[in-house]
Every structure is written in C-alpha cells, then in structure tokens.
C-alpha cells in the first residue's frame, strides 16, 4: 500500500517535471495577420524560422480584411488584457496609438543601438515606429498610393501620364470623349467613408505643402482643405469620376480598373499584382506613376505599410521579440517581395537583382514610397480619421459644399485635438 | 342587510390583514422572506443595477482606453461637450425622426397585415408564415439585403425603375433618399412584429359582437371603428411600447445599409454611442451619450405607462 502510494507520487512528480521541462523548451507563439496580407506566404517565412529555432512553434490567426475591422478586433483583445496573441500586424497609423495605450512592448532593450538599427529602414518607417525614443513596433512591409493608368489608351491618344490633377482631368476628358465607351470612367478613387478616403482628402492637401497635425497640435489650413474637397467634387461634377463615387471603396476601384472600365485609378501597391493576374482584362496594359500634384505644388502620396508589434499581455515577450526581429529583417523583406509582391521597408531591397527580376516595377516604386507622407500621428487617430472620411464622403455625395465641409472638419478636429 | 354584510366582510378583511402584518413582523418570518427574496434581488442588482450605476459613474469620468491613463473625475464635462457637439444633435435628431416615421408606419402596415391575416382563409399557414419571416430575420441581415436592393448599379430597385423608363436613383448618395430607404426597410422589418401582436388581440374579440352589429345595421367601417379599434387598444399600446423603444435604439439597419452616410446624415444615436465606445474607446463620452439614450427610453416608457394607467 505504502509502496504503491509512493510509486504513484513519484510517477505524478515525474509527469509534472517532464511536462514542465517540455513547456520550457517549447514556446508557442500566436501571430495575428490580416487576411489580405498573404498569410499563406508568411506561413512559409514562419516555417523557415521554425526550422532554425526548433523550440518555437508559430500559429497564425487571421481576421478582418479592412484596417478598421482588424483594429476593432485587436482593440477588443487588448482592452481585455488577453494573453492569447503574442505578435500582431498593425496598420502604420496604429503603433503610436497602441504604444500610448500601453498595449505593445518596446524593442529598445533587444535591438542594441537604436539609432543604427532603425537607420536601416526607409526613414518614414523608422519614424512611424519610434515614439519618444521608444521603438514600439518594427516594419513588416511598406506601401504607398500610386496612380495607375491605362498605358494602351494613353499611347493610342498620344497623352503623357499627368503630372498635375488638372492635366489628369483634361486627359480623362479627351480620352473618354474619343473612346465613346459609356462604361469607361476617367478616374476612380475612394469616396466611401473608409480609411482610404482619409488619403483621398490628404493627397491634394499635402501637395499644397500643408500639414494637418504638427507636433501633436492641429495645424489645419482651411483654404487648402476647401481646395482639396473642391478638387474631388469637381471631378464628379465634370464627369471625370462617376456620380456614385461616394459608394466606392478601395477594392471597388481595383475591380473596376481590372475590368477595363477605368482610365486612371488611385490605389495601393496590392492592386498591381491583381492587374497582372490571369483574369485581368488589363494585363500588360497598365502603367504606374507617382500621384499628380496640384498646380505649382509637390506631388504627395499617402504612406501605407504594416508593422509588427509585440503584445504587452504576451507570456512569451522575449521569444516574440526575437521572431519579430526576424520578420522585420532584410532577408524576410526580400523573400516577401519576391513571393508576395509586398513592398520592402529597406531601400536597397528595391534594387536587389532577384527582386527586380520578380517584380520589375518595384524599382520605380521606391521614389514614391520615399516621398510618401504619414497620416497624422496621434493617439486619437481613430477620431481624426472618422472626421475626415465622413466629411469627404458627405461633400462628394453633395450633402455639404466644400466650404461647409472644411468648416465642419475644422470644428470637429479642434474638439478632438484640444 | 346587504350593507351590514359588506361591513362585516370589510371588518374581517381588516382583521386578517392585521394578523398577516403581525405575523410578518415576527422576526423568523421576516428573515425567511428576506432570504427567499435575496437570490432574485442579487441577480437583479448584478445584471441591471450595477451596469446602470457603472454607466452613470463612467459618464462623469475621463476614461479613454487609448490614452492608457486611469479614469479621472471630469464632473459634467462629458455632458457639456455633448451640448456643443453637432454630431450628437444630428444623430439624436435622426433617431427621433426614424422613430416618428417608422413607428406609425409599422403600426399602419402591421394593422393592415393583421386584418388580412385574420380573414377567414381556409389554409392559414402561408399567411402566418409570411408574417413570421421578416420578424424572425436578424436586423443586420435585413439591412444587408436591402442595401443590395437599393444599390445604385446592381440593385433590384433601380433595375425596376430603369425597366419602367425612369432614371435610377443613387440612393445612398443623398441624405433624404438614404433616409427613405432606411425607413422603408425598418417598416418592412418591424411591421410583422406589430401584426403578430395585433393579430393576437384581434382573435380575442368575440365574433358575436360583429353579428350583433350587423343585425343593428352597422357597416364594415362602423364595425371597425366602434368594435375592432376600441377592443384592440391594449394590444396596440403594448405593440407601440415595444416598437418605440426599439426605434429609439435603432442601430443595425442604418449601420449595415449606410454606415451613417453620406457624411453623418443617417447616423443614429446608438451608432454614435457604438462609435465612441468601440471604435474610439472613449468610454467616458460614450457612457454620457448612453445615459442620455437611457433617459430618453425611460421617459418614453413612462409616458406610455401613464397612458395605460389612465385608460385602465
């Protein structure tokens, strides 16, 4: 009886010790990736990491195909202080916000010389991920908005890609009139009240050399805002853009262009790969250039891109940080550029021979990404974004004049950034 | 004789009541009563009183989860901010307008549906089923279906318009058209609920009343206004209470159809609360807005209850 009991105790003890040591050896990391950012290719990158680090197992969790949907999900997980996620991908507008909320862990202790480490990235990404000297996230990949155009139609009518929005309007009128195709729109952009519409407003606003927020304070230029809203509304009134543009979201622009119904389109880099796909009506007929500017202004693009953050509630912070360093390395960047056509966050990768062989247009994408501007950096970005996108949506739908829109926007922004 | 009898009865009742009261004052009885009531009271406190108190407490604090700072007392700041917030006024007005349009709308359509369903059909189930389907459909689902119906390019509504030779309408490009589309959807979705309650009321009216009225020479209209409507009043009031309170909390249908657009012209107060709490994580301001909506719902319910009591 006593012997039996002792044996049982010993066995139980051994089992506990064994499982404990197994748990110590094996770290399970759970990574959140948005469904539109090629989790299938990231999986291959994780497989390579697991091969080199046998004690780490990575599982992927996907969700939400818009920036807002992902943010809503992550907000819930983070406010619940849930430890189930270790690493999460964040839209470039969010690292500052997550850091302010205390939801991410800084990398300063693990990356050594912060200045030297961050200098390797394109400056905009080094900046977007550094808040008060703390590196709050590391870049996953870059992105920017481009002007896509129908190379075949522009060549046919002897038109050069436009440098200003006025030139674009003139070119669109000339070509759509000559083509006599009732389905052909001059320009497609994002007018629906989504994150993309914030960029729609900011593109001409920035190209007039104005900033929305400087040093966390509102620096709203009402004249420039009126001009920006008027520019887009005029496209609708002149028939350059279609009347229901206030219903158009990012992927609608992509689909319409891909179906051959659009001459010029404002969109992110992901669209390029789809335009060259087998089902595309515009395969090999697409040109891409930097966005036009207002007359006398400088061209500006909206900085996009995604970052890797480590959850402050993770139980495996150190392992998670190591994984993120690998995911945000030049090697992974090159791998993702070649296999998933994600724009690199390192300048030299754009001209890497393997990359230019796989995605030749990346070489011309670099200057655009380099000059892209970051949307306002503030912990209350969600509110700022909502104000801008509902205002431009209302103006495009004819609910408010550009002047009224700018006045409303200023009043509401002032309340948020008071 | 009868009067004397009644007096004795009243006296006996009094005596009984006193006895009961004395017995209740007995400590063991009282403890038992309290103990028996305790679980229900605790449950009620947990699921109703605590959240409401917490909501009111939060509404007097600065509590934004994105700032990472703990809650600080703000006094009535959230409420004064609300007064100068044009979006608060716009969404409140939209909510009131939706209530004023869709509650009577759903009542009229629901009444018509109920009267139709009450006709002596031989086979009753197809009528009842068609009444139940819109009622059983989730709100957001109805919103998504109608958003497609009203889509300017691919929607069935514009398709019908075009086939009839009219130009299609860009429904969600104009506040008034978008509003009309939303109200139509809400009336479609909610009138069947009104119809179900009214139908139940209709079936309690004895048929003999109509037979007597017919003998007296009353026409259909007279029968409806003199018999049906007065006897339906309790059912109508119950249906109205439920519908009005849900109308004040309208969220799903405009959220799925327009997201409050164009601009913020079709956003409701419930959507604005959701936006402040879920999207902006500004719990202080969101709670203050929710307190206002709570007060609004309570006031409306009080008015209805008073109406019932006055009638009763």
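The backbone N, Cα and C atoms fix where each Cβ goes, glycine too.
Outside the transmembrane segment (B:32-57) by six or more residues, the chain places 24, 287, 290-291, 294 with a CB less than 8 A from a CB of the stretch. Look at TrEMBL and you will find B:32-57 (among others) tagged as transmembrane segment.
Feature annotation from TrEMBL assigns domain 'ABC transmembrane type-1' to B:92-304.
Here TrEMBL flags B:96-117 (among others) as transmembrane segment.
Under the heading transmembrane segment, TrEMBL lists B:129-150 (among others). Residues 113, 117, 156-158, 171-172, 181, 184-185, 188-189, 191-193, 195-196, 199, 251-258 of the same chain lie 6+ residues outside the transmembrane segment (B:129-150) yet bring a C-beta within less than 8 angstroms of a C-beta in it.
Sequence annotations record features per position, and here TrEMBL assigns transmembrane segment to B:170-188 (among others).
If you look up TrEMBL, you'll see B:231-251 (among others) marked as transmembrane segment.
As annotated by TrEMBL, transmembrane segment applies to B:285-305 (among others).
Sequence-distant contacts of the transmembrane segment (B:96-117), counting only residues of its own chain at least 6 positions beyond either end whose CB sits under 8 Å from a CB of the stretch, comprise 124, 127-128, 131, 179, 182-183, 186-187, 190-199, 202, 236, 239-240, 243-244, 247-248, 250, 254, 268.
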